[in-house]
């Protein structure tokens, strides 16, 4: 029948999605680290001189900073894409985020701080995805109800991811901005609490992808202009958050969510 045919197509689509979407999600998620690691290589002297001038730490420490960023990010990306030592790679990239937050004074810029936290949320989801139930790094920690630490990582990752969208809200009285803020706020709340999570996350992916291509079109700006690097950084950072949301679409919200609790009602 027609209904059975639709169910068969839906099953095939879900199977393909489950098979390939996590790979696409991981590639998107590590894109900002990959781009930044490559940038460290090509802008070695500029980055070193900036750190040395800003912190007065001397040539050696400035060189160590750039080298750590380069090897840490590129090495972490390789491990994640190859699916080897993913947990260690995630912790290493967490350290890179923290280091850059301090070194580039992002801690005092609320917009960039929230975006870095959103990036950390994506890594937290990746860490949860890679963590098998049988080989917990939290072995010996008392269980919190029926939910494993993995599920709390998924909750934390979802909540941190929505911080990216809070930086996109426009506080002006135009009808379009008000509508965009209302729809965006509703979607990020749904993702945070885990209600209709996959649909809300997929909608946010489409919305964020459109915004990213429209507002962060670094390829349209000449490479010698400072705005090129700024837009390029923003583009890949946003792409990483898209990767985190794709993980939510592929793997679901986890046990600590309204979607999961509805199954018990």
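Backbone N, Cα and C define each Cβ position, glycine as well.
Note that the structure is predicted; figures quoted are calculated from it, not measured.
The transmembrane segment annotation in TrEMBL covers 58-81 (among others). Packing against the transmembrane segment (58-81) from elsewhere in the chain are residues 26-27, 29-30, 33-34, 36-38, 40-41, 44, 47-49, 51-52, 88-90, 92-93, 95-96, 99-100, 103, 126: each is 6 or more residues past its ends and has a CB under 8 Å from a CB in it.
If you look up TrEMBL, you'll see 88-107 (among others) marked as transmembrane segment. Nonlocal intrachain contacts for the transmembrane segment (88-107), taken as residues 6+ away from its ends with a CB within less than 8 angstroms of a stretch CB, comprise 30, 33, 51, 54-55, 65, 68-69, 72-73, 75-77, 79-80, 113, 116, 119-120, 123-124, 126-127, 130.
Under 8 Å from some Cβ of the transmembrane segment (175-195) lie the Cβ atoms of residues 155, 158-159, 161-162, 165-166, 168-169, 201, 203-204, 207, 245, 248, 253-254, 256-260, all in the same chain and six or more residues away from its ends. Sequence annotations record features per position, and here TrEMBL assigns transmembrane segment to 175-195 (among others).
TrEMBL lists 202-223 (among others) with the feature transmembrane segment. Note on the transmembrane segment (202-223): residues 164-165, 168, 184, 187-188, 191, 229, 231-232, 234-235, 238-239, 241-242, 245-246, 249 of its chain, located 6 or more positions outside it, place their CB under 8 angstroms from a CB of the stretch.
The transmembrane segment feature in TrEMBL is assigned to 235-256 (among others).
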